[in-house]
Amino acid sequence: MADCCVRTCPRPMCIPPSYADLGKAARDIFNKGFGFGLVKLDVKTKSCSGVEFSTSGSSNTDTGKVSGTLETKYKWCEYGLTFTEKWNTDNTLGTEIAIEDQICQGLKLTFDTTFSPNTGKKSGKIKSAYKRECINLGCDVDFDFAGPAIHGSAVFGYEGWLAGYQMTFDSAKSKLTRSNFAVGYRTGDFQLHTNVNNGTEFGGSIYQKVCEDFDTSVNLAWTSGTNCTRFGIAAKYQLDPTASISAKVNNSSLIGVGYTQTLRPGVKLTLSALVDGKSFNAGGHKLGLALELEA
């Protein structure tokens, strides 16, 4: 007799994001495509041997300060190793070594050090991250002469629902210096995120992909003990495969617009402007220009 039973496969579980990436889709709509008050150049190249070079330079139009960074990265895929060297115009040198999916699947260990020859200041950090279905854990240890600081986070996810906790324990003071909690829900085109930081800062964000070319985001924040509430709306529209326009406004009447155009493969230009709606005729508005080159 034929087997009439119908087998249903269990719904695949997704790996939740890290605590720092909760609400990232909404933040990206507010942050990407804008660069007010800066003239910026980013260059990314890759050698034949697989070494990646990233250079970034920017000039602040208000202060005239010029800053830059240089980063080289080499991935030894056979052993899951990544070596990164960093330098910036503050003359701070950084070295990072990471190993991923070698000790066990989903585990990443990172050793990060920085050194400033001008001041002699040194710092070291060991980072660990473990992610599997329904869970994303992180634990970092900052080494300091006064005593290490321990940063921990955990995010749990089930059928689109997310819950996370983040803490920092300062061993020198023997107390928690940070205690944050977040709850969220996400689907393919909708994300909701709420968070409480140290019991005093409350925030929330909504991300909605209205259609294939149009994304919107709403952000709300409030601090207890004050009457200050921060509210903002942002949107991004993809004009065509090579061009997009972004806009945002907040309750302080600050209006930002940005236009991004891919001039050719590997060359991207971004123009942005920030207008103060409360003092439109008084000036103080900001412009921004960014050029990204990748080869």
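Glycine too: its Cβ is placed from the backbone N, Cα and C atoms.
Among the features that Swiss-Prot reports, ATP binding site is placed at Lys24, Lys32, with the record citing similarity to another entry. Counted within 10 Å of its Cβ, the other Cβ atoms near Lys24 (ATP binding site) come to 15, all protein chains included.
Taking Cβ-Cβ distances under 8 Å and a sequence separation of 6 or more, the neighbours of Lys32 (ATP binding site) in its chain are Lys236, Ser246. Lys32 (ATP binding site) carries neither a helix nor a strand DSSP state and counts as coil. Feature annotation from Swiss-Prot assigns ubiquitin cross-link to Lys32 (among others).
The N6-acetyllysine annotation in Swiss-Prot covers Lys32 (among others).
According to Swiss-Prot, the ubiquitin cross-link annotation covers Lys65 (among others). Under the three-state DSSP scheme, Lys65 (ubiquitin cross-link) falls in the coil class.
The ubiquitin cross-link annotation in Swiss-Prot covers Lys73 (among others). Every protein chain considered, the tally of other Cβ atoms within 10 Å of the Cβ of Lys73 (ubiquitin cross-link) stands at 17.
Per Swiss-Prot, site 'Involved in ceramide and phosphatidylcholine binding' is recorded for Glu85, and the stated evidence type is similarity to another entry. Taking the Cβ of Glu85 (site 'Involved in ceramide and phosphatidylcholine binding') as reference, residues of its chain lying under 8 Å away and at least six apart in sequence are, in sequence order, Glu71, Thr72, Lys73, Leu93, Gly94, Thr95, Glu96. In the three-state DSSP classification, Glu85 (site 'Involved in ceramide and phosphatidylcholine binding') falls within a strand.
The ubiquitin cross-link annotation in Swiss-Prot covers Lys121 (among others) and is backed by similarity to another entry. All protein chains considered, the CB of Lys121 (ubiquitin cross-link) has 10 other CB atoms within 10 Å.
A strand conformation is recorded for Lys121 (ubiquitin cross-link) in the three-state DSSP classification. As annotated by Swiss-Prot, N6-acetyllysine applies to Lys121 (among others), with the evidence given as similarity to another entry.
In sequence order, Thr113, Thr114, Phe115, Ser116 are the residues near Lys122 (ubiquitin cross-link), counting only same-chain partners six or more apart with C-beta under 8 A. The ubiquitin cross-link annotation in Swiss-Prot covers Lys122 (among others).
Summarising the annotation, Swiss-Prot assigns ubiquitin cross-link to Lys125 (among others) and lists similarity to another entry as the type of evidence. Taking the Cβ of Lys125 (ubiquitin cross-link) as reference, residues of its chain lying under 8 Å away and at least six apart in sequence are, in sequence order, Thr110, Phe111, Asp112, Thr113, Asp140, Val141, Asp142, Phe143.
Taken from Swiss-Prot, the feature ubiquitin cross-link covers Lys173 (among others). Long-range neighbours of Lys173 (ubiquitin cross-link) (same chain, six or more residues apart, CB within less than 8 Å of its CB): none.
Summarising the annotation, Swiss-Prot assigns NAD(+) binding site to Leu254, Ile255, Gly256, Ser272, Ala273, Leu274, Val275, Asp276. For Val275 (NAD(+) binding site), the number of other Cβ atoms no farther than 10 Å from its own Cβ, over all displayed protein chains, is 17.
With a cut-off of 8 Å between CB atoms and residues at least 6 apart in sequence, the same chain places Ser252, Ser253 near Lys278 (ubiquitin cross-link), listed in sequence order. Taken from Swiss-Prot, the feature ubiquitin cross-link applies to Lys278 (among others).
Feature annotation from Swiss-Prot assigns N6-acetyllysine to Lys278 (among others); the stated evidence is similarity to another entry.
Following the DSSP three-state reduction, the secondary structure of Lys286 (ubiquitin cross-link) is strand. Annotation source Swiss-Prot lists ubiquitin cross-link at Lys286 (among others).
Of the recorded residues, Ala273 (NAD(+) binding site) and Lys286 (ubiquitin cross-link) place their C-alpha atoms 6 Å from one another. Comparing local CB density within 10 A for the recorded sites Lys65, Lys286, the maximum falls on Lys286. Annotation note: Lys278 (ubiquitin cross-link) sits in a helical segment as assigned by DSSP. With a 10 A radius on its CB, Asp276 (NAD(+) binding site) counts 15 other CB atoms from all the protein chains. Residue density at Ser272 (NAD(+) binding site): 21 other Cβ atoms are found within 10 A of its Cβ, drawing on all protein chains shown.
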